[in-house]
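Taken straight from Swiss-Prot:
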- C43-C109: disulfide bond (DISULFID)
- 44-55: region 'Complementarity-determining-1' (REGION)
- 56-70: region 'Framework-2' (REGION)
- 71-77: region 'Complementarity-determining-2' (REGION)
- 110-116: region 'Complementarity-determining-3' (REGION)
Amino acid sequence: METPAQLLFLLLLWLPDTTGEIVLTQSPATLSLSPGERATLSCGASQSVSSSYLAWYQQKPGLAPRLLIYDASSRATGIPDRFSGSGSGTDFTLTISRLEPEDFAVYYCQQYGSSP
(Lines of atoms letter the chains of each structure in order from A; the text may use other names.)
(Lines give C-alpha, C1' and ligand atoms only; values in the text may rest on other atoms or scores of the structure.)
Protein backbone atom coordinates (compact mmCIF):
# COMPACT_ATOMS: atom_id res chain seq x y z
CA MET A 1 0.00 0.00 0.00
CA GLU A 2 1.31 3.43 -0.92
CA THR A 3 2.22 5.85 1.82
CA PRO A 4 0.12 9.03 1.56
CA ALA A 5 2.08 12.02 0.37
CA GLN A 6 1.54 15.56 1.55
CA LEU A 7 -0.10 18.07 -0.76
CA LEU A 8 0.85 21.42 0.71
CA PHE A 9 -1.56 24.30 0.50
CA LEU A 10 -1.24 27.95 1.47
CA LEU A 11 -3.87 29.23 3.88
CA LEU A 12 -3.95 32.91 3.13
CA LEU A 13 -2.98 35.19 0.27
CA TRP A 14 -4.10 38.78 -0.03
CA LEU A 15 -3.64 41.19 -2.88
CA PRO A 16 -4.85 44.79 -3.20
CA ASP A 17 -7.54 45.66 -5.70
CA THR A 18 -8.85 48.99 -6.96
CA THR A 19 -11.91 48.58 -4.74
CA GLY A 20 -9.82 47.88 -1.63
CA GLU A 21 -8.18 44.83 -0.19
CA ILE A 22 -9.60 41.47 -1.21
CA VAL A 23 -8.56 38.71 1.16
CA LEU A 24 -8.35 35.23 -0.34
CA THR A 25 -8.52 32.34 2.11
CA GLN A 26 -7.55 28.90 0.89
CA SER A 27 -8.56 25.59 2.44
CA PRO A 28 -7.63 23.04 3.54
CA ALA A 29 -4.19 23.97 4.85
CA THR A 30 -2.84 20.57 3.83
CA LEU A 31 -4.17 17.46 2.16
CA SER A 32 -2.76 14.00 2.75
CA LEU A 33 -3.40 12.13 -0.49
CA SER A 34 -1.84 9.46 -2.68
CA PRO A 35 -1.26 9.37 -6.45
CA GLY A 36 -4.45 8.49 -8.29
CA GLU A 37 -6.72 10.24 -5.80
CA ARG A 38 -8.76 13.39 -6.42
CA ALA A 39 -7.78 16.72 -4.84
CA THR A 40 -10.21 19.59 -4.29
CA LEU A 41 -8.78 22.93 -3.17
CA SER A 42 -10.98 25.88 -2.22
CA CYS A 43 -10.41 29.61 -2.41
CA GLY A 44 -12.81 32.03 -0.72
CA ALA A 45 -12.78 35.78 -1.34
CA SER A 46 -13.79 38.42 1.20
CA GLN A 47 -15.75 40.20 -1.51
CA SER A 48 -17.00 39.23 -4.95
CA VAL A 49 -14.30 38.67 -7.57
CA SER A 50 -14.97 38.78 -11.28
CA SER A 51 -14.43 35.26 -12.65
CA SER A 52 -12.27 36.90 -15.29
CA TYR A 53 -9.75 37.81 -12.59
CA LEU A 54 -9.10 34.62 -10.62
CA ALA A 55 -6.04 32.44 -11.25
CA TRP A 56 -4.48 29.32 -9.76
CA TYR A 57 -0.74 28.64 -9.58
CA GLN A 58 1.40 25.65 -8.68
CA GLN A 59 4.80 26.11 -7.04
CA LYS A 60 7.56 23.59 -6.37
CA PRO A 61 10.64 24.20 -4.22
CA GLY A 62 13.22 26.40 -5.90
CA LEU A 63 11.01 27.14 -8.92
CA ALA A 64 8.85 30.08 -9.95
CA PRO A 65 5.07 29.68 -9.67
CA ARG A 66 3.47 28.04 -12.71
CA LEU A 67 0.15 29.34 -14.00
CA LEU A 68 -2.42 26.56 -14.11
CA ILE A 69 -5.80 28.27 -14.45
CA TYR A 70 -6.84 31.81 -15.41
CA ASP A 71 -10.27 33.43 -15.68
CA ALA A 72 -11.38 30.94 -12.97
CA SER A 73 -11.77 28.01 -15.35
CA SER A 74 -9.44 28.35 -18.37
CA ARG A 75 -6.39 26.08 -18.44
CA ALA A 76 -3.09 27.74 -19.31
CA THR A 77 -1.10 26.44 -22.27
CA GLY A 78 0.36 23.01 -21.67
CA ILE A 79 -1.60 22.28 -18.50
CA PRO A 80 -3.01 18.72 -18.41
CA ASP A 81 -6.78 18.36 -18.43
CA ARG A 82 -6.73 16.66 -15.01
CA PHE A 83 -6.54 20.25 -13.67
CA SER A 84 -9.82 22.16 -13.71
CA GLY A 85 -11.07 25.36 -12.15
CA SER A 86 -14.59 26.45 -11.30
CA GLY A 87 -16.54 28.95 -9.25
CA SER A 88 -17.69 32.55 -9.25
CA GLY A 89 -18.32 35.44 -6.90
CA THR A 90 -16.61 34.57 -3.63
CA ASP A 91 -16.12 30.80 -3.97
CA PHE A 92 -13.64 29.14 -6.31
CA THR A 93 -12.29 25.60 -6.61
CA LEU A 94 -9.28 23.92 -8.16
CA THR A 95 -9.74 20.22 -8.82
CA ILE A 96 -7.04 17.74 -9.74
CA SER A 97 -8.99 14.73 -10.95
CA ARG A 98 -6.28 12.10 -10.60
CA LEU A 99 -3.09 13.07 -8.80
CA GLU A 100 0.22 12.31 -10.45
CA PRO A 101 3.45 12.21 -8.40
CA GLU A 102 4.54 15.52 -9.95
CA ASP A 103 1.37 17.26 -8.70
CA PHE A 104 2.49 17.28 -5.05
CA ALA A 105 3.30 20.96 -4.57
CA VAL A 106 2.03 24.24 -3.12
CA TYR A 107 -1.03 25.76 -4.80
CA TYR A 108 -2.07 29.42 -4.72
CA CYS A 109 -5.15 31.27 -5.85
CA GLN A 110 -4.74 34.88 -6.97
CA GLN A 111 -7.10 37.71 -7.73
CA TYR A 112 -5.70 39.99 -10.42
CA GLY A 113 -6.75 43.14 -12.21
CA SER A 114 -5.82 42.10 -15.73
CA SER A 115 -4.35 39.11 -17.55
CA PRO A 116 -1.90 37.21 -15.30
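Glycine residues also receive a Cβ, built from the backbone N, Cα and C atoms like all the rest.
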Residues from the same chain, set at least six apart from the ends of the region 'Complementarity-determining-2' (71-77), whose C-beta lies under 8 A from its own: 51-55, 83-88, 92
Mean predicted confidence [pLDDT] for the region 'Complementarity-determining-1' (44-55): 87
